[in-house]
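Novice: One structure, as structure tokens, below. Some questions next.
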Amino acid sequence: MPPKTSAAPPQSDESDSDFDDAPVKKPQKKTTKPVNRHKEGSKDPEEELQRAVNEKFDGSDGEDDDSDLFSLQLPSRPDFLTKPNRADRLMIRNVEVDNFKSYFGKASIGPFHKSFTSIIGPNGSGKSNLIDSLLFVFGFRASKIRSAKVSNLIHKSAGRNPDKCTVTIHFQRIVDIPGHYEVVKDSEFTISRTAFQNNSSSYAIDGRPATKNEVEARLRRVDIDIEHNRFLILQGEVEQIAMMKPVKTTKSETGMVEYLEDIIGTNRLEPFVKLFQRRVNRLTCDLSQQRIARDHARNSKVAMENPVRAAIEFLMKENEATTIHMKLEQRRRQRYLDKIAPKQAELDKMKEEMKSIAETLDTNKNEYKQSEEAQKVMIEERSKLDKNFDSLSKELSDLGTEETRRKEALKRHQANISKAEAEKEKEVKKRSNLEAAPEKAERKIAKCQEEVEQLLEIEKTANEEADKNLDEFEKRSEAPKEEQKKIQETWAQKSNEFNKVRGEARIAREDFEDLKKLANSGTDKLIELKKRLESSEESYAKEKDELDKLKPEFDSWNDKLKQLSTELPTLRNTARQKNQDLAKTRDRLETLRQQNSSCSSSNKVIQALMKEKEAGRIKSFHGRLGDLGVIDPKYEGAICTNFGARLNYLIVGKEEDAKNVINFLVANKLPRQTVQPLDKIKCDKRDLAPNPTNPLPAPRLIDLIDCDPVLKPAFYDMVRSAIVGDSTQEAQRMHRMPACRGVTVCTLEGSMIHPSGSFTGGGKTVKGLILTDKNKMAKQVTPEDKAAERDLAEKLGKLRDEADELKGQEHEMDGQLIEARRKVAEMSNRLSIVTSSVQSAAPAIETLKKTIANQEKEAAKVKVDAKTLEDKQKIVEELEKKRDELGEEAAKVKARQAEIQSKLDGIFKELVQCHRDEAKESLQKRQKLEKDIAKETANISNSGRNIAKCDENISRHDKDIEKMKKKCEELMEKAIDDEEVKSKKETVERFEKQIKKLQTKGEEMTKKQSELSAAETKLEGELKKCSEGIKELKESMLADRLKVEDIEKKLAALKVNRIPRFQFLIESSRPEDLEMQIDDKMPVVDENQSPEEVERQKKHMACVMSDAAYALEFEMRQKVLENTESYENVDGEDRVPVELLSDEKINEISSRDAEEMQMKLKVCEQQVEALKAKVDISSIKAYVDKVKQYNEQVIKLTIATEVHRKHNQELQRIKQMRLEEFHSAFEFIGKHLVAVFKMLTDGGDAKLEYIDKDDPFRQGISFMVRPAKKAWKQIQFLSGGEKTLSSLALIFALHMFRPTPFYVMDEIDAALDYRNVSIIAQYVRQKTENAQFIIISLRNNMFELANRLVGIYKVDGCTRNVAIDPLRVCEMAKQITDSLGQATCTLPDEVTQRFNETMSRQNKEMIAQEKQYPNFPSSNEISKAEKIVNVEGRVRKELIQTTRDVTSRPQSKATTSGDGTERPASRSASRPESRINQMKYPAPRLVERSSSQNVRSPRKARNIEADETTPPSKRSNSASTPKRSPMKPLTPSSKKKEKAIVDDDDDME
């Protein structure tokens, strides 16, 4: 199939299944993973390679991502270029379709021939559905299969609507043998695809479900090129290759170079070329920027040399002043040291006395400590007793609870047993009733049947009696009916007269009323007008008064509305601000209350201990451990679940306070607590550091706790070095790591892995034992906090009152505003109505007055005669009187008629209706009895089933009762042993006695500790007195030492400046002043080089020399940096400390020397102060920084140059590799293209050539074609048939380069003439034995050469097919005719021979019968003329070609490309020459016409056999007319000659 011009649409109307996507490459996301070669043993190396390239590159020109491009490995060449040729090949055996498109049910298309199979059939029969079936299996979208969605592929016809369709392709590998083939063992496989009505589809390989990717991989492994689809050429697509541009102009289309690159496989290198090209472009830009940065750094460095010289001079003078100052301070320090020695002796004596007191105090403390240890043992013993006591108490409580539950369960089961037995009794009674039901039902049925028979008899008798009395009714009703008939006639006559008189009376009444109205019209109208005038005047007066009142009232309300509209927003803003203040104050108060509330611990123990701390009795009490630290809520479960008990410990600073806490708790009978003193916790400070020296793979719990540093040891003693992981799996993984050896690992949900490997966890996660919000940490509520809370509460109350008052004012004003708006709207509306009414009322009153005056005049004119009116009234009264009389007569007749009808109804009811009512009543009773019979019959039939159901229910109840009885027995067995309960109670009482005994012993110990504590207090007083004496001496000595230290600090602060030595600046030895030496290895410019090469080498030499110069300068500048530490900081922050003098030299300085040094110091300081404003000390450091920056830029430039060179070198290597691979394949394809096209066109020529040989991938490839006996043309300028031939030639040439196992083509011969179709058919049959061709064709000279024909036809709207081998049919026909003894031609060679003989004989007969005309040539003359034309045409062509070859050499009509191939001259250059040659060598047509004006041209002669698709019999009949020239036998040579004549005619035109 030709290349696709655009990618498939992302979505279609079909299913969203991935299997319906067209097999086109989709751009993948860009990634930086290296592209490695495919793994060994991969199922499809080419697929793995393409996937790897797609993961790395998406084909876009995006930005460079700075990844290491040299780590990428280039993909290897495609497998088809390297793997050896196989002896076997793939072929399609047949295609099975099931309800696919026009195929209903299962059908097998084929089997196909190994070489050439032709699909034939009439239009619309379903030939192209074969290609659609292949496309369907190969994974194309529905839109590519001439369908909107997948479900449309399912067969649909009259009465047939299957729910799915399936296509299965049978493949096999074969080895060709003469005339047949052998199937390779175990090479057969099938691929199928099924589509469903819901637009989904599925794949299968050998019947096994598979994915679309697996199908594509399997097809690639058998060399089916599903990427380019060259094996598939659809109808009308063969010419698309001709329409391809040399190179694509947009991303969606494909050019000739891309088309060939895809097939050759060099496109695998294109992403690498683009990637390296982007990197080289960026590196080139970076290189230019780096050179600019280097030059800028050098200029900045040179500009700072003069300020550096001045700064060095200043530093030297400053060092001189510092040295003098140092000598004076050293002399003063020595005087203070001489005072300290006597005081030190007295201090040593007092320390000895204090040591004796301290030893006595330690003895006392040891006794106290022993007492505490004994107390601690006692406390632990009591703790164990308390624990056992609580445990036994809980067991006793649990036993009681369990016994109560057992008794309740026993009671519940016994109740259920009673209930189940009652239900069972009900079912037993129901069963006995059901057993007796059939007998009762039978008796009732028999009784009902008897009643039914009686009712049937009554019904029958009543109906017979009714039918019998009908005749009697007819006899008795004859007289009344006659009378009724006469009365009806009378009534009709009276009714007509009444209607006639009524109409006359109505008309007369209307005339009278009209005349009466006319007489009164003038007077009535005048009265009405006067009333209206009076009413209008009265209304006008009222409305005018109302208008005068409304105007001032409206103005008043309007002013009020404006005032309220202005005041209300202001009031609302004030109220809003007040509410905001109220909300802020409320929030502050709530926050303060929460803080104060959280500070007051809810625990009574903590509260009581805090009071003791405030009283000063337990000074170092801190609180509960969990309240003293904060942790992230994420880790709350980890610490609370695993260390929950430790978080409840009470923390004190000293051990003695821990004892005081315990005594306090015991004395006040408070719950027992565990107290931990901080001074007894031993831990390494390094363990408390947030970042341990050996980092662990997860955070430590101790590092996650935020607390006071003083309390950190308490938390560390609890969690140690425990770390926390996210999950149990992660914890197990970390536990196995060497770094976590000996470390406890916790999880977020509360599990723990101990260092020994034991695992605990699985229970409920505990939370709430430690704070998760730092703001909630406990602190003491001070009086100031309480006062602040009261103040805020008072302020909140005031603000609330003010806000309520403002809110009330706002509501009141809002109501006033609404009322004002309503009033203004009402008054405005009323004012406009009244104003309009007043304005319109005055003109209306004037109009009414004028109308009244006119009406008075009109009334005087209208007068009616009173006599006429009286006569009319008499006529109306007479007619109405007559109407009433006739109406009374008609009513009497109608009443008589009703009497007669009533009499008739009575007779009918007496004789007939009574019997019918009786029959109807019997029928209703009978129907009711029949329903009862049916009901009882159903009860009889259902009785067995109901009894079985009752039996089942009884059995179920029995099982339930038995089950519940067993449970009751089990519960009875579980009764608690009273002896065991009694024993446990005795143990509890014993524990209580032991606890009381320990409590008494504890009180005694507490008393002894109080006595020891008093003695300790006395000794501490004496020790304190000695300590104060020592303190006074120390303070005196400290004052002297402080002065010495102060002097020493000043001496230590005295520093001299480092004086840098910039020797090369003083000598002015610059690199730019040195002479540059040119290296002998530099390339020399050759005079034979092109100007571009010379210019390129000049630029290269300039860059090399510039880099060498700066490298030399870099070496010189580096000397400045050799001593960087000696002058790196010369601004006073980190200068060199001054060298101090020895004590001997200090003692040698006399007072006179000191005074002289003071004077000299002042002079130096004045000089330094004078120079300080003129110099910039920071210029020295800045200069050093500039030198460093310059050297860094030089190093960066060197590195950038080397990186650019390496990337550019790799880019050129990949480009060259791509070009060489492409060029070798390109030459192979081009050579075979020329050979194939020359064979197809009988002498034509075609070639693929580079538009730009240096870079064919940029400009592309042009496809040049020279049809036989014509000039060179671009393929897009050819005719349709020539385009088809050119495209097919390229397809066949590509087949030789990259063979495809099979080809499926749809009417590729549609645009070809008879001769070219035959050539294509012969080529397919003879020249391509290594492939299978399946061609759909309607041309007989194509399908007649096929090895096998598959006929497609339709029956009842469904497609069917049949396959035959033409040669086999002919052989069978030959055998049949031979067996019958008939000489009939059946084989193709025999038929051709017989046809040629028949043609020769008919031509001879035509010549013999031909009449001779003096003015017309004979047949022999015409034949001679044709031969002459043929010979002269060939001679003329050869002469023209020779002339072109001679003239093209000096005039350079053809150019030679870089690869040695000759390019044809342009059409404009060759056109004049061809015209000249036509003049030199006249056309053969002129010679032919000169012999006779009436002889047909060769073109017309060819029309004799123009339609060569006509059967031989018809062609022989058409040639039998005497006026046509004799026909020659059909041989290949004669056909070629005729075609040559036609081509000559085309050239002459």
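Glycine residues also receive a Cβ, built from the backbone N, Cα and C atoms like all the rest.
Feature list, courtesy of Swiss-Prot:
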BINDING   Gly121, Pro122, Asn123, Gly124, Ser125, Gly126, Lys127, Ser128  ATP binding site
COMPBIAS  26-36  compositional bias 'Basic residues'
COMPBIAS  37-59  compositional bias 'Basic and acidic residues'
COMPBIAS  396-407  compositional bias 'Basic and acidic residues'
COMPBIAS  420-444  compositional bias 'Basic and acidic residues'
COMPBIAS  1440-1459  compositional bias 'Polar residues'
COMPBIAS  1460-1474  compositional bias 'Basic and acidic residues'
COMPBIAS  1510-1523  compositional bias 'Polar residues'
DOMAIN    619-734  domain 'SMC hinge'
REGION    1-78  region 'Disordered'
REGION    396-444  region 'Disordered'
REGION    460-485  region 'Disordered'
REGION    1440-1549  region 'Disordered'
Novice: Please list the DSSP helix, strand and coil residue counts for the compositional bias 'Basic and acidic residues' (396-407).
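Specialist: The breakdown for the compositional bias 'Basic and acidic residues' (396-407) reads 12 helix, 0 strand, 0 coil.
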Novice: Relative to the Cβ position of Ser128 (ATP binding site), how many further Cβ atoms are located within 10 Å?
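Specialist: Here the count is 20.
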Novice: List, by number or range, the same-chain residues at least 6 past the compositional bias 'Basic and acidic residues' (396-407) whose CB is under 8 A from its CB atoms?
Specialist: 971, 974-976, 981, 984-985, 988
Novice: Going along the chain, which residues at least six beyond the ends of the compositional bias 'Basic and acidic residues' (420-444) come within the CB cut-off of under 8 Å?
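Specialist: Tertiary neighbours of the compositional bias 'Basic and acidic residues' (420-444) are 932, 936-937, 939-940, 943, 946-947, 950-951, 953-954, 957-958, 960-961, 964.
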Novice: Validating a neighbour-count step here. Other CB atoms within 10 A of the CB of Lys127 (ATP binding site): how many?
Specialist: 25
Novice: For a quick check of understanding: among the binding-site residues Gly121, Pro122, Gly124, Gly126, which residue's Cβ has the most other Cβ atoms within 10 Å?
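Specialist: Ranked by Cβ atoms within 10 Å, first place goes to Gly126.
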Novice: Counting by DSSP secondary structure, give me helix, strand and coil numbers for the compositional bias 'Basic and acidic residues' (420-444).
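Specialist: DSSP composition of the compositional bias 'Basic and acidic residues' (420-444): 25 helix, 0 strand, 0 coil.
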Novice: Within 8 Å of the centroid of the Cβ atoms of Gly121, Pro122, Asn123, Gly124, Ser125, Gly126, Lys127, Ser128, which other residues of that chain place their own Cβ, given that this set defines the recorded ATP site?
Specialist: Ile1352, Lys1354, Thr1359
Novice: Test of understanding: give the count of other CB atoms lying within 10 angstroms of the CB of Ser125 (ATP binding site).
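Specialist: A count of 18.
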Novice: Restricting to the chain of Asn123 (ATP binding site) and a gap of 6 or more, list residues whose Cβ falls under 8 Å of its Cβ, or answer none.
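Specialist: Those within reach of Asn123 (ATP binding site), by Cβ under 8 Å and sequence separation of 6 or more, are Leu1338.
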